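S.K.: Here's a structure for you.
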Amino acid sequence: MPPHCPAQIIDDVFRMNEITARREMVAARGVKVTFGAVKALDGADLVIHCGECVGLVGHNGAGKSTIVNVINGSLNPHAGEVSYGGATAQHGISTARAKGVRCVFQELSLCPNLTVNENARVMHAELAGWNWRTRAVALVKQQLGEIFPGHGIDCDSTIDDLSIAERQMVEIAISFAGLNEKPKLVILDEPTSSLDAGLAAQLMAYIRKFVGEGGSVLLISHILGEILSTSDRIVVMKDGRVVADRSASEFSTRSLVEAMGNVVREQEWQRAVDKRDGAPVLAMPPRRGHGLAFQAHRGEMIGLAGLAGHGQTETLLDLYLSRNSNWWPARRKDIAFVAGDRSLNGIFPLWSILNNLSIASLGDISSRSIVDHDREGVLGNGWKKRIEIRTPDMENRILSLSGGNQQKVLFARALATTARIVLMDDPMRGVDVGTKQEVYDILRSEAATGRTFIWYSTEMDEIRLCDRVYVFREGAIVAELAGDEITEKNVLEASFSAGEAA
Amino acid sequence: MTAARLLFTKPWIWSFAATVIVWVVTVLFTGGASSLGLSQAALTFAAFSVIVGIGQMFVITLGPGNIDLSVPATMTLSGTLALKLMDVQDGMILVGLLTSILLGFAIGIGNYALIKLLRIPPIIATLSISFIVQSTAIWANRGLRIKPPEVLASFTTSSLFGIPNIAIVALILSVVAWVLLKKTIYGRWISAIGQSTFAARMTGIPVDGTRLVTYILCAVLASICGYLLASFSGGAALNMGSEYLLMSIAVVVIGGTAVAGGNSNIPGIWGASLFMFLVVSMLNTYGFGAGFRLILTGLIIIAVILVAGGRQSNR
Amino acid sequence: MKISSGTIRLIIPAASLALLLAAVFYMQPRAMSYTGLNLLFNLAVPIALATVAQMLIMAVNDLDLSMGAFVSFCACVTATFLQASPAIGVLIFLGAIAAYAVIGVVIHVRELPSIVVTLGMSFVWGGLAVLMLPSPGGEAPIWARWLMTSRPPFVPMAIVASIVIAAVTHFVIMRSSVGVLIRGIGGNVRSVERAGWSVIRIRAGTYALAGFFAVLSGITLVGLTTSADANIALRYTLLSIAGVILGGGEFVGGKVSPIGAVIGALTLTLAGSFLSFMRISPDWQIGAQGAILIVVLALRLFLNRLEKREKGR
């Protein structure tokens with residue numbers, strides 16, 4: 001096309017108008033951040049305009065959290081620049097906040113000892129002066145009502161007394177609330193991790209409304225459906241760089257996963273015949289006297305399904321603690337546990353990868369209570385190869401690993417024991433797709449050798465991998481599904497009671 | 001070069017460096033005349049701090065909030081009862097030692113029973129127990145000061161090849177403790193509990209059993225120390241343990257053990273114990289009054305902890 | 001009716017205090033008078049102030065092992081400088097409060113364990129006190145003496161003062177914005193930091209406030225005892241920690257209660273009086289104090305369990 005063709009000029013003008021109309025809310029360009037030898041960000045660009053919701057996806061270790069911390073001011077980039085509203089400003093938490101950036105973090109970041117309104121006071125410096133309590137309550141109440149209609153949270157209660165979902169709701173509401181002016185950009189890092197589907201839908205609807213009114217949202221979630229349906233634009237990160245940045249309509253689940261660098265594997269899992277023969281290896285009467293009883297047989301893979309927080313974790317803890325003395329060392333380990341919240345109750349942060357892996361099987365690699373260092377090393381190297389822990393040296397500290405690899409260590413810790421029963425407490429939370437597939441393969445082969453797995457999962461894909469599924473609702477088992485009965489529809493039906501509007 | 005760098009990453013190196021400096025400064029003042037006597041005295045008195053310090057270190061390794069404040073009362077009661085029982089008879093030396101150890105067992109069990117049954121923080125539980133133990137000691141100590149048996153007294157005050165016997169005992173105990181910490185399953189367990197009690201429980205570690213053993217270990221070491229100290233100083237005194245309350249905590253922390261738990265350090269306890277003794281004797285040599293001595297001791301503790309640095313960040 | 005966990009934390013220490021008081025009245029009915037109450041709670045005011053100071057430090061997840069030495073130091077300053085030349089005395093106190101703020105900053109910046117730093121400071125304060133008063137002596141300022149021995153109508157001074165301390169500290173720590181931030185640091189430092197507050201300033205302020213209350217503790221102590229010595233309040237370190245715990249406070253998590261702390265201090269004081277009423281042999285006085293501590297804590301656990309069972313229903 002000739003350079004001065006009228007159509008081209010019109011097109012350019014149109015584009016320029018579009019650009020000026022869509023003002024930059026925040027722009028991070030050419031950002032580089034390194035932690036020691038690790039390049040967390042290697043020249044990443046992220047621009048968020050006013051009035052748009054940007055979805056951000058990527059592996060663990062792709063640099064999502066790092067770029068969020070750069071934008072919200074808590075991390076200084078080693079190279080590149082960050083500008084708010086088009087103007088480069090001083091960098092720092094207070095600058096970012098003054099420019100209207102708010103952040104809801106993956107791990108809950110309220111003060112558990114304070115009440116809801118006191119937390120609002122901490123988050124909103126402008127609530128100063130007399131009578132701030134009344135104003136704080138009004139602010140939070142109004143915002144909670146707007147995002148989660150019919151929530152029923154008392155704003156005078158201490159955060160400790162709230163459920164995890166309620167805490168997350170409060171945190172989201174406090175972040176979206178604004179006394180004098182609304183926030184301009186809200187960063188949501190896995191905001192629905194503790195919310196059930198109904199609450200998540202309410203939140204997604206509110207995000208659309210907020211964006212429609214000119215606000216911006218940066219949404220990070222591993223639930224690709226959420227990202228696809230709510231975002232205007234999706235940014236895919238990989239190895240500290242942005243590898244794709246396109247309109248959401250140009251993506252599908254499949255293309256997103258491909259962009260992240262993972263090949264979707266086809267379901268190749270064939271269910272074996274019913275393994276319920278002989279005496280159960282593990283059994284439990286109905287919890288609190290209602291619902292169905294729990295039973296597990298040798299070599300079974302049993303799923304615990306249902307909405308999050310309906311008694312699955314408690315069941316696992318009961319099963320584990322009932323078989324495990326708190327006073328005497330066990331002679332033979334017959335049950336092992338894989339934690340879900342690895343930073344809270346899984347890893348030992350001061351230790352090497354090897355020590356983290358071997359802690360549950362020390363009895364097998366020691367003689368006369370003295371740990372045999374060579375046998376420990378053999379054990380570690382064996383599992384390093386088998387489960388592909390990505391590290392040059394098993395003596396490195398556990399925290400040098402990415403989250404997914406830390407989780408693999410926790411799996412190896414349980415599988416390395418002689419335990420015939422392995423309990424898993426939603427261990428795949430926040431783990432990248434590639435790691436998941438690797439672990440699934442290992443679980444299958446272990447089940448084939450006669451190990452029993454009891455697996456609480458919040459993800460439907462994982463529930464489908466199980467031989468038999470118990471669905472939980474309100475702390476009790478309400479349904480048992482086996483074989484081909486395990487479908488999303490059946491699980492959902494059992495998860496919601498008939499009289500309840502989802 | 002790399003060896004030196006490796007050495008400097010060890011948290012205990014600082015306490016030893018400080019010890020050497022203080023030693024040199026003190027010896028310089030006296031023109032080198034006191035070097036042997038000073039070293040022997042330092043080893044002897046440091047040995048007592050080391051023995052209680054090791055016990056305290058095991059407890060502190062169990063994680064935040066774990067601390068044993070009953071150490072001084074345990075030392076006093078153990079020294080008092082053992083001397084009373086032995087009654088200056090050489091034949092009773094072993095019986096006395098055994099009594100001390102049993103007493104430590106009982107106090108350790110009492111401490112942990114209170115922590116567990118009343119679910120109160122160890123600092124309060126061990127404090128309450130220490131009140132009761134101290135009262136028992138006051139009651140038992142009534143009357144004359146009893147001398148230790150002759151053989152025991154000469155053992156605790158003499159040396160082997162110039163090294164005080166007490167220091168040798170402390171060294172043996174340190175080696176045992178080191179093996180316990182670094183090589184055995186138990187050592188792994190207490191470190192795991194110190195880092196995350198819940199995670200430790202969920203990997204199948206018998207948390208309560210391990211903690212009980214640790215509190216017993218600490219009380220037994222305090223008892224042994226009280227037994228030795230009373231024999232060394234020619235009789236038990238009611239306040240003989242009091243300075244070891246702060247001392248046992250100070251040597252553990254200055255020695256580089258993480259107060260947050262999970263990480264412990266035995267060589268550091270030696271460095272810190274020697275350092276603490278030498279500081280006091282240095283100030284004495286230079287003729288400072290009690291007030292200045294206290295102030296300087298405090299400032300030096302703070303300076304050491306400032307140089308040694310805080311806990312390392314997790315990442 | 002939903003009772004907040006904060007209220008429950010208060011009910012238990014209050015009940016313990018009431019029970020102990022009832023026991024004292026039962027054994028010694030004459031204590032149920034103006035003079036009797038004054039005698040019982042006489043020493044409570046300085047302990048309550050020291051407990052409040054300790055509580056502030058515990059609210060930010062630290063522990064002050066120098067509290068006793070510092071209160072002793074303040075008592076010595078009160079009995080010497082503050083009495084002889086008030087201006088210098090006030091300057092020393094301002095300096096001491098500033099030193100507390102600096103300690104807070106150092107602990108925060110270098111991420112040092114507070115136990116060790118305050119352990120070192122306890123030697124420093126103790127040494128300064130010895131320098132000032134090598135042997136017991138000094139004299140209380142007249143106004144401090146007057147304040148502590150005044151006899152308000154109907155209610156003894158010790159109780160009036162305790163109520164005032166409880167009310168003021170409750171307002172500052174539980175109701176005001178500053179208090180929210182202090183407790184917020186105890187609950188979740190990162191959250192406060194991310195919200196754009198300067199944690200270092202809040203921590204320094206908390207320590208300074210604690211230093212201020214400890215100074216008041218030293219002054220009131222001398223007002224009661226008329227003279228001072230370098231070891232006058234050494235037991236306050238452990239008493240103040242025990243008081244906070246008895247009052248329902250916790251070591252970590254910013255869970256503290258000023259009213260509870262004052263009640264805890266009153267309980268500890270009363271325990272001392274209770275023992276002398278029981279005519280317990282001096283040998284066993286300390287032991288009995290330990291036993292009372294255990295009984296009160298057992299009571300607290302029992303009531304806690306009861307309450308949890310109620311909640312579970």
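Here the Cβ of each residue, glycine as well, is placed from N, Cα and C on the backbone.
So TrEMBL says this about it:
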type	residues	note
TRANSMEM	C:7-27	transmembrane segment
TRANSMEM	C:39-58	transmembrane segment
TRANSMEM	C:88-107	transmembrane segment
TRANSMEM	C:114-134	transmembrane segment
TRANSMEM	C:154-173	transmembrane segment
TRANSMEM	C:204-226	transmembrane segment
TRANSMEM	C:232-252	transmembrane segment
TRANSMEM	C:259-278	transmembrane segment
TRANSMEM	C:284-303	transmembrane segment
S.K.: The transmembrane segment (C:88-107) vs the transmembrane segment (C:204-226): three or more C-beta pairs under 8 Å (separation of 6 or more)?
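M.R.: Contact criterion met.
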S.K.: For the transmembrane segment (C:204-226), I need the partner stretch with the highest count of C-beta pairs below 8 angstroms, choosing only from C:114-134, C:154-173, C:232-252, C:259-278, C:284-303.
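M.R.: That would be C:232-252.
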S.K.: Short question: which residues 6 or more past the ends of the transmembrane segment (C:154-173) have a Cβ under 8 Å from it?
M.R.: 34, 37-38, 41-42, 44-45, 48-49, 52, 55-56, 59, 147-148, 179, 182-183, 209, 213, 220, 256, 258-259, 261-263, 265-266
S.K.: Against which stretches of its own chain does the transmembrane segment (C:284-303) lie, if we need a Cβ under 8 Å and a gap of at least six residues from its ends?
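M.R.: 11-13, 15-16, 19-20, 242, 245-246, 248, 267, 271-272, 274-275, 278.
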